[in-house]
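A.B. asks: According to TrEMBL, the feature active site, proton donor maps to Asp82. Taken from TrEMBL, the feature Zn(2+) 1 binding site covers His83, His181, His209. Per TrEMBL, the feature Zn(2+) 2 binding site maps to Asp104, Glu134. The dihydroxyacetone phosphate binding site annotation in TrEMBL covers Gly182, Gly210, Gly211, Thr212, Asn231, Ile232, Ser233, Thr234.
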Amino acid sequence: MPLVSMGPMLRRARADGYGIAAYNMIDFNSAKSIISGAAELSAPVIVQVSVKTVKHWGYAHVATWVRMLAEDAPVPVALHLDHCTDIDVIRRCIDAGWTSVMFDGSALPFAENLEKSSLVYGLTETAGVGLEAEIGAIGGVEDDKVVNDDQSRLADYDECLRFVAAMPNLAVFAPAIGTAHGFYKGEAKIAYDLLERITKAIDTPIALHGGTGLTDEQFTRCISLGCGKVNISTMHKRLFIDGFVGLKAERPKLEEPLPFLAAQHDAMKGDVMACIRTFGSAGRAAEAAHAA
Ligand SMILES: [Zn+2]
């Protein structure tokens, strides 16, 4: 199918109580593993890319890979830009064919975050692509951004309402609710009460950042409370490396490269499929495509 925009399919997911997996791709093989895992389970999926990865490969290359893989797949695929603070990068992604972008103004004071997010909202609405925007401060390490424990900050409820009211067609809203990027040191402390208050007041689907390391119960509870988009990055990166070097450890004399790529692909795809099953989006491709 042609690439789709994530907003309508996320609204459908939230309304029907399931979550759509949003994986951070690394290269062509990784994008292929994400889309083939979704295709095998007839699930909608979001392929998202960090700013660092886009700059590494180039805008046109990333967009072309994902568009070609999506066109060959029988499931709806969205191409999304993850955490971005640079409006110029956002413009270039929109021009290159991304179907949604995230503007991350969470490091800014609320009024400035609202002002800049609203400006990007104007751009995305004009271009017909989706926008994800964040408030509060999600802890951990994402790309080059480090938010220490003492700097992480839950989203403020009243600010959430003002923020979303200013952007009624926001594709997905990312309030900080206690999850963190990277591997958790202990168990994640999710502010379910805050999440529930937010989702009782607004219909916009919520993005769950920092998905790696959450338990099935935590995923299920967050999804039932309105998290329509579930981000997985750290585990995918781990399997990208382990899938490759694991085979070398097993078969040190192997010199042919393609089996390494296959081992890497299969390790990543297995995790994609396990998450899709947990999030409840297996078999939802047709309804998501219809919504899109
Ligand atoms: Zn994130």
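Backbone N, Cα and C atoms are what each Cβ position is placed from, and that goes for glycine too.
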A.B. asks: Of Glu134, Gly182, Thr212, Thr234, the binding-site residues listed, which put a C-beta under 6 Å from ligand 1? Please answer none if none do.
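C.D. replies: Within range of ligand 1: none.
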A.B. asks: I need the CA-to-CA distance for His209 (Zn(2+) 1 binding site) versus Ile232 (dihydroxyacetone phosphate binding site), whole Å please.
C.D. replies: 8
A.B. asks: Taking Cα-Cα distance, which of the recorded positions Asp82, His83, Asp104, Glu134 are within 10 Å of Gly211 (dihydroxyacetone phosphate binding site)?
C.D. replies: none
A.B. asks: Between Ile232 (dihydroxyacetone phosphate binding site) and His83 (Zn(2+) 1 binding site), how far is it from one CA atom to the other, in Å?
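C.D. replies: Here the two Cα atoms are 13 Å apart.
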A.B. asks: From the Cα of His181 (Zn(2+) 1 binding site) across to the Cα of Thr234 (dihydroxyacetone phosphate binding site), what is the distance in angstrom?
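C.D. replies: On Cα coordinates alone, these residues lie 8 Å apart.
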A.B. asks: Of the recorded positions Asp82, His83, His181, Thr212, which one sits closest to Asp104 (Zn(2+) 2 binding site) when you measure Cα to Cα?
C.D. replies: His83
